[in-house]
Structures are given as C-alpha cells and as structure tokens.
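Student: Structure in structure tokens, see below.
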C-alpha cells in the first residue's frame, strides 16, 4: 500500500517567495503638528517623543495600510483620552537656550596667555634645538 504522504516534503521556497512579496503592514499616526509616524502593526503600547510632546502608538486617528497598491482603510477610534501626555508636576526647561554674550576680543586667543609674536626668538631656538 502506498503512503499518503509524499517521500519528499514540499519546498519551502514557494512560501518564502510569497512572504517576501507580502507588504509590511504598518500603522500610520497623524499628529496634530501635521507630521505622520509609521509603526509596525505589532508595535503597540510604546510611546515616543516628537517636538517635545510625548505620544502613544495607540493614537486617536490611525490608518492601516494593507498593501502597496491598495487604498488605505481609514479608522477613527474613539479617544480614550489625550494622545499627548503632559504631566504638570514635571518642570520643563525653557526650549529656547540662552546664547553666550559676545565678547569684544578675538575668540581665537586666550587672554591669560601671551601672544606667540611677543615670545623672544631665543626661546624658539632653545625649544627646537
């Protein structure tokens, strides 16, 4: 009686070829500033900081892209709160950094050291001999 299973297992190359052609499913989050961030579908529950504001990957509006040439499927999920977390207890530094005062002297010279032109020629002869 013949075995119902073939003597050789089916080639895995066909499955690998199909997996390579399959588009990567990703999630798009549209931020209030106008930027768009893309995340892998399996990347959920993580946060990121963009332009000083913290965002969650489970944002209010997200889109799932199913393939290269397919139109996106838009989904508006009900908001569970703000996607931007701003804790009022944390002191935020001023985003504008103060610039150093401009000096009148040359920035390339150190005022405590004498100019190299003022050093005697005998010093240089002694130094390099």
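Using N, Cα and C of the backbone, Cβ positions are placed for all residues, glycine too.
Pulled from Swiss-Prot, these are the listed features:
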type	residues	note
COMPBIAS	1-12	compositional bias 'Low complexity'
COMPBIAS	13-23	compositional bias 'Basic residues'
COMPBIAS	99-109	compositional bias 'Polar residues'
REGION	1-23	region 'Disordered'
REGION	73-117	region 'Disordered'
REGION	115-129	region 'Transactivation'
MOTIF	13-28	motif 'Nuclear localization signal'
ZN_FING	33-50	zinc finger
Student: With DSSP as the reference, give the number of residues of the motif 'Nuclear localization signal' (13-28) in helix, strand and coil.
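Tutor: So the counts come to 9 helix, 3 strand, 4 coil.
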Student: So what pLDDT does the region 'Transactivation' (115-129) average out to?
Tutor: 83
